[in-house]
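To keep things clear, I will list the structure first and then write my remarks on it.
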Amino acid sequence: MTRLIIKGGTVVDPVAGKLFQADVTVVGDRIAHIGKAPADKDATVVDARGCLVLPGLIDMHVHLREPGYEYKETIATGAAAALRGGFAAVCAMPNTRPVCDSAAVVGFVLERGKAAGRARVYPVGALTRGSEGKELAPLGEMRAAGAVAFSDDGRWVRNGNLMRRAMEYAAMLGAPVISHCEDPDLSAGGVMHEGVTASVLGLRGMPAAAEEVAVARDIILAALTGCHLHIAHVSTAGAVRLIREAKARGVKVTAEVTPHHFTLTDEAVKGYNTNAKVNPPLRTPADVAALKEGLADGTIDVIATDHAPHAREEKEVEFDAAPFGMVGLETAVGLTMALVREGVLTLPQLAAKLTTNPARILGFEGGLLREGAPADITLIDPELEETVEPECFASKSGNTPFAGWRLKGLPVGVVVGGRWFAVRPRVATGRRTRDKK
Ligand SMILES: NC(=O)N[C@@H](CC(=O)O)C(=O)O
Ligand SMILES: [Zn+2]
């Protein structure tokens, strides 16, 4: 069996909430030992001095576009972008063509993910057929085929009764329901956050209430059904408040926030920047402050990217006509490390939001650095800086509002199932015994 030693790094333990110096020894696809590694001349040695060693990062919300929109991204390019971003695993949302609403498509996504041989790819199945919100998708079959959660992401299930039934089934299957909370009647026709900037730009707004009304209903249905509700991409202060209250009452609800929502405000849209057009929209400074508070106090469990690649031609149109969404995999760690320097999160909290909590929500074995655990590991150099250049992305698309930003604190390598991938030149590997799978 292949042996890999991550040597001399600082291990970040999200559960104990502490940092400590240790080598991590991997044998085959498992972590064999944490602590001083005995000399082993047959092992591949990664010099991790000055690096943070975290459980492999998990991005529970990405759009990989395959099948159907391979010109934007494929499972292979998306899984490569994930690695370059420091992620050992991603969950692929079902808004593909066809929609991932059957065991066949779930199986296809899993197979393509394995064939790509990069970050692990886990499929999320649709809640309703075609995500049309009319009838339930075959949740049981999809669960058996490997769906890790259910969602009609991109759309809110408008029919409350259908959502109730979907939640009842998902609860029986032990899978979370991920809700894109947006009342389409309230946000109808909107292209950015409803507020002063939208008025100045003459663009139609999407009110914070569109999100909050949907969050409130779904929390009520989660309480009714006992289903684990996970709220995708929370963007408003009111939504954070509703989730905080629901958690205090013991409702089984968890939530995620994206790096773009905790970093940018609606002012990023100025100049009609279509790369800042995203759903939910970028909000106000008060919302950003509330999202950070929610991250710090545990109301928001997860940081997920909502990586939403679109082709250049699609974004180079009038603001109203451009599709919603931005890529996020390759800028997430740098933007999140800024929160640590700002004092919003500690490093163990960052690790919890990017790996331990998503693993717990999805029922994965990963998310922990423990002897015997799967060998999924991410190395971050907290001092490494880079200017964001979309041309250098592994993703097929470059639709990011962060082009030209200087990011500090970047992933340098990822271990997936015992296999080492250097993703930035910082780390010199010792003996180059090429890993066989
Ligand atoms: N986030 C976005 O703006 N777009 C997503 C869909 C979604 O998650 O809403 C996409 O698939 O492009
Ligand atoms: Zn969404």
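Using the three backbone atoms N, Cα and C, a Cβ is placed for every residue, glycine included.
Taken straight from TrEMBL:
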DOMAIN    51-236  domain 'Dihydroorotase catalytic'
BINDING   His61, His63, Asp153, Asp306  Zn(2+) 1 binding site
BINDING   His63, Leu64, Arg65, Asn95, Asn279, His310, Phe324, Gly325  substrate binding site
BINDING   Asp153, His180, His233  Zn(2+) 2 binding site
DOMAIN    279-419  domain 'Amidohydrolase 3'
ACT_SITE  Asp306  active site
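Within 10 Å of Asp306 (Zn(2+) 1 binding site), counting CA to CA, the binding-site residues Asn95, His180, Phe324 contribute nothing. The C-beta environment of His233 (Zn(2+) 2 binding site), restricted to residues of the same chain at least 6 apart in sequence and closer than 8 Å, consists of His61, His180, Glu256, Val257, Thr258, His261, Pro280, Ala304, Asp306. A Cα-Cα distance of 13 Å separates Phe324 (substrate binding site) from Asp153 (Zn(2+) 1 binding site). Confidence annotation: the domain 'Dihydroorotase catalytic' (51-236) carries a mean pLDDT of 98 in the model. With DSSP classes pooled into helix, strand and coil, the tally for the domain 'Amidohydrolase 3' (279-419) is 50 helix, 27 strand, 64 coil. All protein chains considered, the CB of Asn95 (substrate binding site) has 22 other CB atoms within 10 Å. Of the candidate binding-site residues, Leu64, Arg65, Asn95, His310, Gly325, the one lying closest to Asp153 (Zn(2+) 1 binding site) when CA atoms are compared is Asn95. For ligand 1, the neighbouring binding-site residues among His61, Leu64, Asn95, Asp153 are Asn95, Asp153, by Cβ distance under 6 Å. Every protein chain considered, the tally of other Cβ atoms within 10 Å of the Cβ of Gly325 (substrate binding site) stands at 22. DSSP gives His61 (Zn(2+) 1 binding site) a strand state. Residue pair Gly325 (substrate binding site) / His63 (Zn(2+) 1 binding site) shows a Cα separation of 10 Å.
Taken in sequence order, the binding-site residues His61, His63, Asp153, His180 that lie near ligand 2, meaning a CB under 6 Å from one of its atoms, are Asp153, His180. A separation of roughly 10 Å, to the nearest angstrom, links the Cα atoms of His310 (substrate binding site) and His63 (Zn(2+) 1 binding site).
The binding-site residues listed here are Asp153, Asp306; among them, Asp306 has the most other Cβ atoms within 10 Å of its own Cβ.
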